[in-house]
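A.B. asks: Okay, here's the structure, questions in a sec.
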Amino acid sequence: MSLQRFLQRQGSNGNLEYCADSAYGSYSVLTGQLTMEDNRRIQVLADTVATLPRGRKQLALARSSSLGDFSWSQRKVVTVEKQDNGTFGFEIQTYRLQNQNICSSEVCTMICKVQEDSPAHCAGLQVGDIFANVNGVSTEGFTHKQVVDLIRSSGNLLTIETLNGTMIHRRAELEAKLQTLKQTLKKKWVELRSLHLQEQRLLHGDTANSPNLENMDLDESSLFGNLLGPSPALLDRHRLSSESSCKSWLSSLTVDSEDGYRSSMSEDSIRGAFSRQTSTDDECFHSKDGDEILRNASSRRNRSISVTSSGSFSPLWESNYSSVFGTLPRKSRRGSVRKQILKFIPGLHRAVEEEESRF
């Protein structure tokens, strides 16, 4: 059946009556004062159902009952009558709800208790109902005292228009939970910041000189590179290079000297002298015996160079040679072996000895 069987009639007094075919189920006649917003919702619902396919019209009409409950059954009018010396049998409480969207508060008066077998209980009042109108007077924005005065001034007959406060009560609970969670989050955030600062102090020391430490991404290598100094591998490399340079320098002195220094200074003694060093700053010249030997050898070598007639040595080489910490160039072993061989050649032995004995 088409939706044209669905009749809508509105009287001059604003009353609305619904009639539907039996295929859609029977609807009770609802009579009440409707607003323009309610009429607009009904018209939108009718237009929506009319455009749906036939198979979905039944489902849409079934869902329309929930919209009807929201617009009408949430609001009900209750009349409570009491005896002269009796009570209505209910208690009210006023709540102030904070509206987060518009930064304002809403005041609502709610029934918090209903006595059994009381006039209010028999009239149908329930816990959680919110006062919207009392004796034709809207209670929107009323304080608790104003609502109490309005109820007491009504006499024995009280007409109350109420709203279902389940959603509002649920909203109040959610707002309270939200505020609690915000407070907890704020405390946890403070604890997190404190732990972060403690971690920064443990890792990087005093943070007084760096107030913006939490905003900086510090690299571990840049933090510890200047504090730890060179790596052990670098120290070993420097120590080996220094020791090898000293060994090469002393070996050149040992090969070239002919005054008994060669017999008293061997490679093992050199290794032992350099193994007793305890610091890398002075490198390999800390041994007292090594200092004396190197000083004597240097003086003897300088004397031999000064009296030698050969001009193969440059002044730059002499200045570097006289420096204790300089790496001295040495003669090749091939030249030294040649001198040893020339000693055994007849006619040349005397000349070599005379040349070597000048210093």
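Backbone N, Cα and C define each Cβ position, glycine as well.
Heads up, here are the entries from Swiss-Prot:
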{"type": "DOMAIN", "residues": "77-166", "note": "domain 'PDZ'"}
{"type": "COILED", "residues": "165-188", "note": "coiled coil"}
{"type": "REGION", "residues": "166-188", "note": "region 'Interaction with CYTH1'"}
A.B. asks: If you average the pLDDT over the region 'Interaction with CYTH1' (166-188), what number do you get?
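C.D. replies: Mean per-residue confidence for the region 'Interaction with CYTH1' (166-188): 86 out of 100.
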A.B. asks: Going by DSSP, how much of the domain 'PDZ' (77-166) is helix, how much is strand and how much is coil, in residues?
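C.D. replies: Counting residues by DSSP class gives 15 helix, 42 strand, 33 coil.
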